[in-house]
Amino acid sequence: MSKETFQRNKPHINIGTIGHVDHGKTTLTAAITRTLSGDGLADFRDYSSIDNTPEEKARGITINASHVEYETANRHYAHVDCPGHADYVKNMITGAAQMDGAILVVSATDGAMPQTKEHILLARQVGVPYIVVFLNKIDMISEEDAELVDLVEMELAELLEEKGYKGCPIIRGSALKALEGDAAYIEKVRELMQAVDDNIPTPEREIDKPFLMPIEDVFSISGRGTVVTGRIERGIVKVSDKVQLVGLRDTKETIVTGVEMFRKELPEGRAGENVGLLLRGIGKNDVERGMVVCLPNSVKPHTRFKCAVYVLQKEEGGRHKPFFTGYRPQFFFRTTDVTGVVTLPEGVEMVMPGDNVEFEVQLISPVALEEGMRFAIREGGRTIGAGTISKIIA
C-alpha cells in the first residue's frame, strides 16, 4: 500500500489538553477521536495507546507526550496530551508543541485544583492565546448537587479572567460516557469541538509575519560583498528589500542585493527556507552569528527580561546543586549564547533542580528578543534549563 500524501485542504491548528492530574485529559483525548472517527474524520485511539506516550526531546529535555491527529469539518488538528505534570511544564516551556489554543479539562466533582491553576498560569506565561474549558465527570453529579456545578463554573471563569483569559466557553460533559458510546455525551464532545473550531482562531501563517532570519554564518565573496546565511524564521525577503541587522552590536540598516539557495539566485526567500543573503555595504567584520537580519524596526535589541523557566533535574542531565541570585549561565537564543545574570524574585532563596520558576535576567550583550520567545540555559556546554520570555523589561 502506498503512503498517503498529506492533504492540505484545511487549515492546521495545534492544540493540547491541560489540567489537573486525573481530571480526564487522556480520556477526553480518546473520546474526541472516538466521536470524530464516527464521522470519518479521525482514527479512534483508545486510552492505552495515547497513555503509552513516546519520548521526545526538546532542547535536550526528555518529554513524554502523545500526539494525536484528527479533523473537524473545517480544520485539521494536531493534539498533544502529556501523562505527567512535569511533562506538561516542560512541554509548555520548551514549546515542543507550540499550542495555538488549549482545552482545559476540569473535573466537575473537584473544581479547580493546584495544577489547574498552575497550567493556566503557565499557559499565560508561555503565550497560549486561547482556552476552551471542558467540565468533565458531569455524570457523577447528583441532581441535588447541580448548583455546585454553577459555582465551579463561576470560580473557573474568575480564575481564567484573572490570568487574562476572558469569556472562555465552558462545555459540560463526560469523557468516559462519550468513550463508552453514550449518545447524549457524544453530542457534548461534538459541542466541545465546535467551540474549539469557533473560539480558537486560525493562527497567522509564518509567511505573513514580518521578515526575520537568525544569522548562522557569515562569508565574504570577493568582488561581491558579504553574505549571511541562515533559515528564515518568518516572512519573505526579496532582492532590493531594506533590512536591519539587530543584536550583539549597534543596529545597522542595509539592502539585500541577492538571495541565494543552493548556489542558485532567487527573487525571494520564504519562511522555512535556508538561504544566503548578499548585503550591500556591510563588511565581514560588521556582522556575526547570533545577530538577526529583519524587516526594519520589527524587532529590537534587549538585555533585561522576566522569564518562566523549567530547571532540569540531575537525572535529566541538569545541575546537581541549587543556584541563587547572581548565577551567571549562558542563555541560548536562536543561534547565539549570551551570558546573563539571574535575579530571583523576592522570597525565593534558591532554585533547585526540577523546579518550575519565574526570574529576571540581565544579559551582558543585547539580543533581538520578543515576548513568548523560547531559550535554553546552558552551563559548560550542557543544557540545564529551558525558558520562555514572559516580559521584556529593557
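Glycine residues also receive a Cβ, built from the backbone N, Cα and C atoms like all the rest.
Here the structure is a predicted model, which means the values were calculated and not measured.
The annotation domain 'tr-type G' is assigned in Swiss-Prot to 10-204.
Look at Swiss-Prot and you will find 19-26 tagged as region 'G1', backed by similarity to another entry. Broken down with DSSP, the region 'G1' (19-26) shows 2 helix, 0 strand, 6 coil.
Residues or ranges marked as GTP binding site in Swiss-Prot: 19-26, 81-85, 136-139. Just so you know, the Cβ of C82 (GTP binding site) picks up 24 other Cβ atoms within 10 Å once every protein chain is counted.
In the structure as shown, the Cβ atom of T26 (Mg(2+) binding site) sits within 10 Å of 22 other Cβ atoms. Annotation comment: Swiss-Prot describes T26 as Mg(2+) binding site, evidence class sequence analysis.
Residues annotated as region 'G2' in Swiss-Prot: 60-64. The average pLDDT the prediction assigns to the region 'G2' (60-64) is 79.
With a threshold of 8 Å between CB atoms, the same-chain residues lying at least 6 positions outside the region 'G3' (81-84) that come near it are 16-17, 21, 25-26, 29, 50-51, 53, 63-66, 68, 91. Taken from Swiss-Prot, the feature region 'G3' applies to 81-84, supported by similarity to another entry.
Per Swiss-Prot, the feature region 'G4' maps to 136-139. Residues 23-24, 27-28, 105-109, 149, 172-177, 185 of the same chain lie 6+ residues outside the region 'G4' (136-139) yet bring a C-beta within less than 8 angstroms of a C-beta in it.
Around the Cβ of H85 (GTP binding site), the same chain contributes V21, Q115, E118, each under 8 angstroms and 6 or more positions distant in sequence. DSSP assigns H85 (GTP binding site) to a helix. Taking a C-beta cut-off of under 8 Å and a sequence gap of six or more, K25 (GTP binding site) has these contacts in its own chain: T17, I18, G19, D81, V105. Cβ neighbours within 10 Å of I138 (GTP binding site), excluding its own Cβ and spanning all shown chains: 20.
Between the binding-site residues G19, D22, G19 has the most other Cβ atoms inside 10 Å of its own Cβ, all protein chains included.
Taken through DSSP, the region 'G2' (60-64) splits into 0 helix, 4 strand, 1 coil.
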